[in-house]
């Protein structure tokens with residue numbers, strides 16, 4: 001604690017100093033002040049009893065700094081409890097206990113900054129913590145001494161007896177103890193401020209000229225110290241004024257008793273004991289290896305002198321001074337810990353480099369409130385029950401790439417299938433329905449060749465899908481209600497049974513080759529690199545669609561003859577299943593075209609094959625403007641579809657046809673007409689009321705209020721002042 005506010009008042013005589021100026025000197029160090037500073041970095045560990053050595057490293061760094069500059073340190077430790085300081089120690093113990101409870105509460109709530117502050121106030125440097133540092137000092141051959149009671153009195157004894165040249169401390173109690181040279185506020189670089197008792201008369205803020213050491217001591221006790229609490233409203237400046245005026249403490253107390261200040265009845269007796277404690281406290285003499293008084297014993301000490309420190313046997317005093325006995329229990333310490341040895345190794349050796357990747361993940365607690373108490377516990381429980389998902393190979397949906405049987409005569413099939421893969425908007429993780437169907441058809445020996453071919457294709461495709469990175473397959477795509485219907489159509493596609501006839505596959509190739517040949521011939525004739533303005537793009541797109549229609553019609557006519565064989569295969573499929581309509585998104589199909597299911601080539605393992613015509617560089621310019629068309633199939637029997645001609649479907653999907661844009665003008669016109677008809681009911685009529693509910697102004701009634709411009713101006717002359725001697729003035733003028 002020290003003397004509150006003493007060092008700031010002595011700032012004018014404090015001189016900056018570096019410890020290299022003390023080269024060749026012996027200094028006594030208040031070790032507990034360094035331990036308290038070092039404990040700030042590990043206060044939580046010390047309060048919880050966790051192993052740490054940061055406080056020891058803090059002290060040893062400064063010890064090595066002193067020795068580096070040629071200064072010999074003597075480390076002085078506090079000893080047992082002093083009876084005069086018992087009340088103050090109990091008060092500090094209660095404060096530490098309260099701060100520890102607050103620190104645990106703040107830590108539980110996740111408030112780390114408040115918890116750190118409370119831990120710093122709750123940490124207590126016990127004799128066991130000091131004993132760890134003593135073991136390191138022994139290994140480093142650094143001198144130390146443990147005071148029987150107070151380290152301040154022990155350092156004052158060493159300074160008065162000239163065993164040390166200066167004292168390094170943070171406690172201002174050393175000034176009233178009578179120390180001549182003190183170093184305050186020493187940092188890790190060796191900088192500090194020096195106090196010299198010879199400069200006290202030159203102090204500016206608090207004039208101490210004419211003050212003796214006794215008067216200075218009485219002033220400090222009167223303002224409040226560790227041994228006696230100050231009176232209400234008594235500080236350093238008021239104590240200085242009273243001591244300056246009355247010269248001694250007994251006169252000051254007598255003056256205070258007759259003034260408005262309330263003085264306790266035992267205050268004067270306590271003041272005497274505090275004064276004797278500063279002068280005659282028991283300390284350890286290293287030369288005599290025995291316990292003695294700080295100053296010579298006076299006769300007024302009395303028989304009860306235990307308040308300056310109870311007497312103890314010489315062997316116990318020596319054991320405490322050497323750090324072998326606990327100053328509180330006066331018993332030997334327990335087995336030595338290995339922590340101090342590790343601390344010495346860390347001080348003398350550089351720290352080994354640890355990569356950042358080895359560091360453990362730090363889970364910071366979240367501040368608790370009504371919401372976090374619910375969600376945080378839920379998240380912890382979820383973490384405990386979490387199980388990593390099993391990695392399974394991805395399979396295809398009808399929108400993915402469909403493997404085709406290689407054929408030299410049909411090179412366009414691979415190109416078309418690759419185009420459909422690149423333009424496919426969705427990649428799903430569903431299971432392949434064709435795998436189970438192939439397994440069910442193993443009993444038929446006629447389909448073994450086709451079955452083996454399909455197995456190889458499916459195996460190659462699965463290997464290709466497994467090699468695909470996970471990030472590509474885990475794309476989340478938000479779809480509108482229109483695409484919801486499209487997904488239902490895709491699910492219907494997956495339910496279509498696979499056809500295992502080679503003739504169907506060959507027929508599909510023939511259809512695609514015919515379509516490709518017709519579309520290629522049309523492209524050579526129509527699509528040429530002609531520079532056109534943007535306004536002509538619409539006409540050109542229309543022509544492209546007309547060409548595509550003709551190509552599709554011709555292709556369907558050529559395929560019509562080959563569909564008869566397909567009907568037989570289709571009748572083998574379960575008749576109870578309904579034939580869903582299958583969409584074939586291609587550039588040459590139109591919404592009016594409806595083709596039978598049998599005429600569509602179906603892959604044996606991956607559902608409906610998707611055909612698209614190639615786009616050359618000229619067509620890529622208009623790709624964004626093209627309207628995507630879909631061929632739809634009527635939900636009727638496949639045999640009927642083979643015989644029925646192409647039909648038109650007037651109902652079009654919203655996303656696949658944007659022709660409704662042309663009706664916007666009609667919609668807008670109708671909406672305006674409805675708005676006008678609705679608002680016309682509020683039209684103002686001369687006889688009726690307004691829509692606002694206010695009455696219309698009356699045109700027949702004239703305003704009878706006179707205008708402001710026609711108002712008569714008041715005659716100001718009647719308010720003028722007329723003097724009583726007016727007639728006398730006129731007469732004088734006449735004369």
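Each residue, glycine too, has its Cβ placed from N, Cα and C.
Over in Swiss-Prot, the protein carries these features:
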| type | residues | note |
| --- | --- | --- |
| BINDING | 30, 78, 150, 152 | Mg(2+) 1 binding site |
| BINDING | 171, 173, 226 | Mg(2+) 2 binding site |
| COMPBIAS | 416-425 | compositional bias 'Polar residues' |
| COMPBIAS | 438-456 | compositional bias 'Basic and acidic residues' |
| REGION | 1-99 | region 'N-domain' |
| REGION | 138-230 | region 'I-domain' |
| REGION | 391-456 | region 'Disordered' |
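Structure coloured by features recorded in Swiss-Prot.
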{"residue": "30", "record": "Mg(2+) 1 binding site", "DSSP class": "strand"}
{"residue": "78", "record": "Mg(2+) 1 binding site", "DSSP class": "coil"}
{"residue": "150", "record": "Mg(2+) 1 binding site", "DSSP class": "coil"}
{"residue": "171", "record": "Mg(2+) 2 binding site", "DSSP class": "coil"}
{"residue": "226", "record": "Mg(2+) 2 binding site", "DSSP class": "coil"}
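Computed over the region 'I-domain' (138-230), the whole-number mean pLDDT of the model equals 93. When each of the binding-site residues 150, 226 is scored by how many other Cβ atoms sit within 10 Å of its Cβ, 226 comes out lowest. Cβ neighbours within 10 Å of residue 152 (Mg(2+) 1 binding site), excluding its own Cβ and spanning all shown chains: 27. Secondary structure of the region 'N-domain' (1-99) per DSSP, as helix, strand and coil residue counts: 61 helix, 15 strand, 23 coil. If you take the Cα of residue 152 (Mg(2+) 1 binding site) and the Cα of residue 171 (Mg(2+) 2 binding site), they are about 8 angstrom apart, rounded to a whole number. Note on residue 171 (Mg(2+) 2 binding site): other Cβ atoms within 10 Å of its Cβ, all shown chains, come to 22. With respect to residue 226 (Mg(2+) 2 binding site), the closest of these binding-site residues in Cα terms is 150, chosen from 30, 78, 150. Spatially close to residue 30 (Mg(2+) 1 binding site) yet at least six residues away along the chain are 76, 151, 152, 155, 167, 168, 169, 170, 171, judged by Cβ distances under 8 angstroms. When Cβ atoms from all protein chains are considered, those within 10 Å of residue 78 (Mg(2+) 1 binding site) total 22, not counting its own.
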